[in-house]
Amino acid sequence: MKWLLLLGLVALSECIMYKVPLIRKKSLRRTLSERGLLKDFLKKHNLNPARKYFPQWEAPTLVDEQPLENYLDMEYFGTIGIGTPAQDFTVVFDTGSSNLWVPSVYCSSLACTNHNRFNPEDSSTYQSTSETVSITYGTGSMTGILGYDTVQVGGISDTNQIFGLSETEPGSFLYYAPFDGILGLAYPSISSSGATPVFDNIWNQGLVSQDLFSVYLSADDKSGSVVIFGGIDSSYYTGSLNWVPVTVEGYWQITVDSITMNGETIACAEGCQAIVDTGTSLLTGPTSPIANIQSDIGASENSDGDMVVSCSAISSLPDIVFTINGVQYPVPPSAYILQSEGSCISGFQGMNVPTESGELWILGDVFIRQYFTVFDRANNQVGLAPVA
């Protein structure tokens, strides 16, 4: 009987998962549009989502060319605490980057004044460093310092975690951003300044039983989405998980066999690379095939630069199918057409990223809302299954 009890306790310990609920909020793009500021923003900022991927690292100056404008369309956010006692921050859980940073009290930029700011003097566990960090984007850069403190993430106390404290955040548009900072969940190889990413630090301290995390993004307007650290909850998906090898341990990069519509190949005819990225809201790919897709679904550009379709046409549009590791993953029009306040916007965006392996696609939230996703660091693979 004692052995049975012990085995039961061991099994229970292996099933412990830490869940961080994600709240779906109005995107920065939508807020700017409602305030009549979007056109001016788009004029001043040359939006190029490609800058987020494969940046040119400059180690001596610790420069990371990761444009914050990439988060213009983000809608899913979670809360973390930093310090003792914890100071709360709303962050993007981003599998397309690796650093953690939040605004600090040292930041007097307009963008910082409307957000929570970390105060090191209010934390008994904060440790300062002499290191600085700069994230370059658009017309300026976010500059700051690096420090160490305890980070509370979904019930996990991640001690001695390095993170960035911003001192300047250019661009008044960030004043309206629905998030305070970014929590990166990609591999440490792309971390600016060599900072240990949050999940790596959590795993290294033995705080989770499995070296993986998983993501469920609900289509619900406000709640239901979650990041699960250290486990997989099968109630979020149907069928079984299909596993796809990571091809490059930097981003969560995988191979796509082909992309088809109505049974015909429309892109990626000889295979291509794709990054599974919770920090990108849309499905992005090379401008030429994306332009063809936009044409095929009847999308045209409006005055805000969005590609829109007739809402009445959605029911007649075809699925777009991504074949990955031999398994088909259809994305229906109800997923790739985003409906907002009477407008129906295409969830596809053109982006050219030169890579040694050819064209690159980004499977953002439009895709992840359809497929429960497991990011398995232990086996360097991504698991996908239809959401429940």
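Positions of Cβ are set from backbone N, Cα and C atoms, glycine also.
Among the features that Swiss-Prot reports, signal peptide is placed at 1-15. Feature annotation from Swiss-Prot assigns domain 'Peptidase A1' to 76-385; the stated evidence is sequence analysis. According to Swiss-Prot, the active site annotation covers Asp94, Asp277, on the basis of experimental evidence. What Swiss-Prot records for Cys107-Cys112, Cys268-Cys272, Cys311-Cys344 is disulfide bond. Under the heading phosphoserine, Swiss-Prot lists Ser130.
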Asp277 (active site) and Cys268 (disulfide bond), distance between Cα atoms, whole Å: 19
Candidate with the highest Cβ count within 10 Å, taken from the active-site residues Asp94, Asp277: Asp277
For Cys272 (disulfide bond), the one of Cys112, Cys311, Cys344 that lies nearest, given that the disulfide-bonded residues are compared by Cα: Cys344
Sequence-distant neighbours of Cys112 (disulfide bond) in its chain (C-beta under 8 A, six or more apart): Pro103, Ser104, Ser166, Glu169
Whole-number mean of pLDDT values that fall within the domain 'Peptidase A1' (76-385): 92
Minimum Cα separation from Asp94 (active site), reported as the residue among recorded positions Asp277, Cys311, Cys344 that achieves it: Asp277
Distance, Asp277 (active site) to Cys344 (disulfide bond) (CA atoms, angstrom): 23
Cys311 (disulfide bond) and Ser130 (phosphoserine), Cα-Cα, nearest whole angstrom: 54
Nonlocal neighbours by CB distance (under 8 Å) for Cys107 (disulfide bond), same chain, sequence gap 6 or more: Arg117, Gly144, Ser166, Glu167, Thr168, Glu169
Least surrounded among the disulfide-bonded residues, given as Cys272, Cys311, Cys344, when other CB atoms within 10 Å are counted: Cys311
All-chain count of other Cβ atoms within 10 Å of the residue listed as 'phosphoserine': 6
